[in-house]
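Over in TrEMBL, the protein carries these features:
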DISULFID  CYS95-CYS104  disulfide bond
DISULFID  CYS133-CYS142  disulfide bond
DISULFID  CYS171-CYS180  disulfide bond
DISULFID  CYS209-CYS218  disulfide bond
DOMAIN    69-105  domain 'EGF-like'
DOMAIN    107-143  domain 'EGF-like'
DOMAIN    145-181  domain 'EGF-like'
DOMAIN    183-219  domain 'EGF-like'
Amino acid sequence: MSASPILAKTVVHAWTGITGTLARASLDSEVAFIGNVILTLLQNVLLLLLLDFLGVCRPTPDYSSYSCRCPAGWQDPCLNGGSCVDNVGGFACECRPGFQGGRCETEIDECASQPCWNGANCRDYVNSFVCECRAGFDGFLCEHNIQECTESSCLNNGTCIDDINTFSCRCRPGFYGTFCEYEQNECDSQPCKNGGTCADGLGTYRCTCPVGYNGQNCQARAMFDHLTRETRVETFIQLFTHLFTVLFLELCQLVQPRALSQRGLLLADRNLLDLSLSNGMDRTLL
């Protein structure tokens, strides 16, 4: 049998959907395709193989192989768009990205490796995945903690502390509130004692004490009242202290005679007596 233009040295593929198995004839066999009929010359014997499906097979332009167009209900052995590659005695499937398996039947689960961070939910797609981030995170893998702190988050120069999907404010002394929006009135606690008057300040207060009391909170009795008139003394003054009483025992040669209340000072004391004279002469009695 002489070769015709449609004959070529090629390989006869096994194809799913045909009755029986169409085996590889021979690398040296001549094969012709006429519709659904395959003609081959094998060991000087002409074989006519009639395929029982309605697909149409055509040789490639160089007559080195052929391809079949399958009708409805028939399919390529490689699934999910995989490419079939002929091998000796069989075939192999080259899978599209995102699929695997002998026939490309399995979709690869890109979420199996847990690529998403910070507790995000991974949603698998063909050859891709999407991370659904929890509140407070962003980024392709939810790897970034969103900074909730801004310059205006905390008032009155409070310090903003970032957290997950929230923030808090550390307030300066004298302020309070979620955003440090309130000024603390230090006088609300009534720190001044014994009738003292409280003046509020920024993070502090000041007590104005009545006569006879002193200290930060007017908590202590005053030791001495200062002299209010000038007093000049030209001789020795001897004083004795006993418990709460100071008594002038001797007073000589006053430049200008005055009443006793103008010449000395009678005060209550506990441990320390601090006598201040308006003429600059100070004495401390222990």
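Quick reminder: no glycine exception, Cβ is built from N, Cα and C everywhere.
Across the residues of the domain 'EGF-like' (69-105), the predicted structure has a mean pLDDT of 82. Through the fold, the domain 'EGF-like' (145-181) approaches residues 118, 134-138, 201-204 of its own chain, all at least 6 residues removed from its boundaries and within a Cβ separation under 8 Å. Residue pair CYS171 (disulfide bond) / CYS218 (disulfide bond) shows a Cα separation of 29 Å. Calculated from their C-alpha atoms, the gap between CYS104 (disulfide bond) and CYS180 (disulfide bond) amounts to 62 Å. Of the candidate disulfide-bonded residues, CYS180, CYS209, CYS218, the one lying closest to CYS95 (disulfide bond) when CA atoms are compared is CYS180.
Counting in whole angstrom, CYS180 (disulfide bond) lies 31 from CYS218 (disulfide bond) by their C-alpha atoms. Taking the Cβ of CYS133 (disulfide bond) as centre and 10 Å as the limit, one finds 21 other Cβ atoms among all the protein chains shown. On a Cα basis, CYS133 (disulfide bond) lies 60 Å away from CYS218 (disulfide bond).
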